[in-house]
Structures are given as C-alpha cells and as structure tokens.
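Sequence annotations record features per position, and here Swiss-Prot assigns ATP binding site to Arg71, Gly76, Ala77, Val78, Phe79, Lys134. Taken from Swiss-Prot, the feature (R)-lipoate binding site applies to Lys134, supported by sequence analysis. Here Swiss-Prot flags 29-216 as domain 'BPL/LPL catalytic'.
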Amino acid sequence: MSTLRLLISDSYDPWFNLAVEECIFRQMPATQRVLFLWRNADTVVIGRAQNPWKECNTRRMEEDNVRLARRSSGGGAVFHDLGNTCFTFMAGKPEYDKTISTSIVLNALNALGVSAEASGRNDLVVKTAEGDRKVSGSAYRETKDRGFHHGTLLLNADLSRLANYLNPDKKKLAAKGITSVRSRVTNLTELLPGITHEQVCEAITKAFFAHYGERVEAEIISPDKTPDLPNFAETFARQSSWEWNFGQAPAFSHLLDERFSWGGVELHFDVEKGHITRAQVFTDSLNPAPLEALAGRLQGCLYRADMLQQECEALLVDFPDQEKELRKLSTWIAGAVR
C-alpha cells in the first residue's frame, strides 16, 4: 500500500481548505506523506498569533467581500486570490523535513522553466534585472510526531490588492503583535506567460512522485465531495467562526477619537481574545452621562462592529433626548472598528 496521499481541492473557500488541512494533519498516520493542492478566492490569511485589526484593513475587506482566515501556523499576513496556488506537504517524524518539500517545489519550478532558489527561512525567489523577487512564501507547523509545510506560489495574483488589504487604516493601535514585513514580489506569469494553476499543480505532483518513487491517484475534494475525515464539520465550524479568526488575536489597546458638534470623544479599549476588558471614555460634552453609561456597557463586549453598535443604541432607552447624538456616535464607532 502506498504511503503517499494526494488531495486536490475544487473549493475556493479558505475556511473549507484550511479545515481539510487541519483534519488531515491531525488524523493522518505518521507513516504517510501527504500533498494537498488548493487555492482560495479573495482572502486575507493571517498567522496563528496575529492581530487582524493591526494587520488588515478590515473595513475595506468587509466592503469588498474579502474573507479573513486564521491559519494554524505562525508567520505573517498574506492576501490570496485565484492567482495563487497553495500547497501543503505533511509527513510524520523523523521523516518530516521542510528542506525536502522546498526542493520538491524548486524542482517543479525548474521543470516549468523557472530557476528559483530558497531565500531565508520561508521564501523562494527568482533573480531579475531589478534584483531578487519573491514568488513563494511559506509557513510551518510541528507537533510531537508530525509536521507540515504550506505555502503559496504567485502565478497571476493581483499584486495591487495586496496593499489594499494588508495595509491597515491609520488607527492608533498599541499592539503586542508584530506587523508583517511587505516583501518585493513578482508573478510567475512575468516569467512564464500563460502559466496556469493546473500546470503548476501537475508539475508539483510530478516532482512529489519523483522524489518518493511512488504514484497515487489524486483525491478531488469539494464541499459536495468531502473526504472521509472524522470531526470535519466541527473543524470547519471552528475555522469559519469569528471566535477563531478574530477572537484569537493577541491582547491590544485601541484608541478612537472624534470631534462632533456637541463635543469631542475619546474611547480607550483594552481587548483580549476579542473581548473588551476595559473601556474608558473621555469627553468635553456638556452631557457626559450617556458616554459614561456606554463605557460600562462595553466592558466584556465582543470587539465587533455590530455588537458595539448594538450596545450604543441600547442607550436610547435611558437617554431618549440624546437620540441624534447617540445614533451618530453608534455609526462612528461601528465604522472605526471595522
């Protein structure tokens, strides 16, 4: 029986693909070597320990229907669209070795006519007249008895959108996370005009088979045709949840300030695991009572635009004479934290 397993996803859903990856990684026999090929529609994928409000322009993502997906590996934030090919190599220990999977990808690129090399811990670069350009980035995860290496290859990604979603709004964030480094990148289509996702997948598959001297039939998977993976529904529910994608952010502080016709407002939030642990309000308003009440209501609230807006509008019951001011405040807060 072959020790190899090859899975190719027909789904562009990042939560589905990452849930498949997680399930296979947890449940695979330690003797198995797995290659999983996939790609995501418009998504910002962040590292396990990153703060989405610091890394991403969450407001623009929401406006453009770009999803946020937190992966289980470390590293920085990346933007995925259908111009990216994603790969995941998994193996048990002691056989797991990320240099092997890196060499498989390099061999695949070489077979396609691209001479690339590893750079640093995570990147593959090609040499151009303008200098080295990154075409692939990777991240890794290891447990006691297994490990995986996953990454992306830039085929024909819309590089302008990279900056749209990975450059956050100028919010006053004092975060404990680390802002991702923006690398100089290029698409493989600049070197191989017309190259397709299918061609890249075929090249990686051939290099995978060649390295291990075995072949295996590909398992084509999609939400309508999921592999036999125990607990997949629970894993998908977690992967797609707000609690995982946003709520796992490291602790951070956020200052919002705005001047309205009735006075200036400063809101100071301390946030842990997606919940406001402390809220302070400062204002020169002649009627500070609604804002003081708001500070109390926001303690323990989810740091989510709709929840903050809901708490703000709940004050209308106690302060009906300030309806106009509270509705303006509510709209501003919701927009500021998106």
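Glycine residues also receive a Cβ, built from the backbone N, Cα and C atoms like all the rest.
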Margin query: Within its own chain, what residues at least 6 apart in sequence put their Cβ under 8 Å from the Cβ of Phe79 (ATP binding site), listed in sequence order?
Written below: Asp42, Thr43, Val44, Val45, Ala157, Arg161, Leu162, Tyr165, Leu166
Check: Per the record, ATP is bound by Arg71, Gly76, Ala77, Val78, Phe79, Lys134: how many Å separate the farthest pair of Cα atoms?
Finding: 21
Margin query: Applying a 10 Å Cβ distance cut-off over all chains shown, what neighbour count does Lys134 (ATP binding site) have?
Written below: 18
Next item on the list: Could you tell me the mean pLDDT over the domain 'BPL/LPL catalytic' (29-216), as a whole number?
Entry: 88
Notebook entry, point to check: Tell me, how many other CB atoms lie within 10 A of the CB of Ala77 (ATP binding site), whichever protein chain they belong to?
Noted result: 23
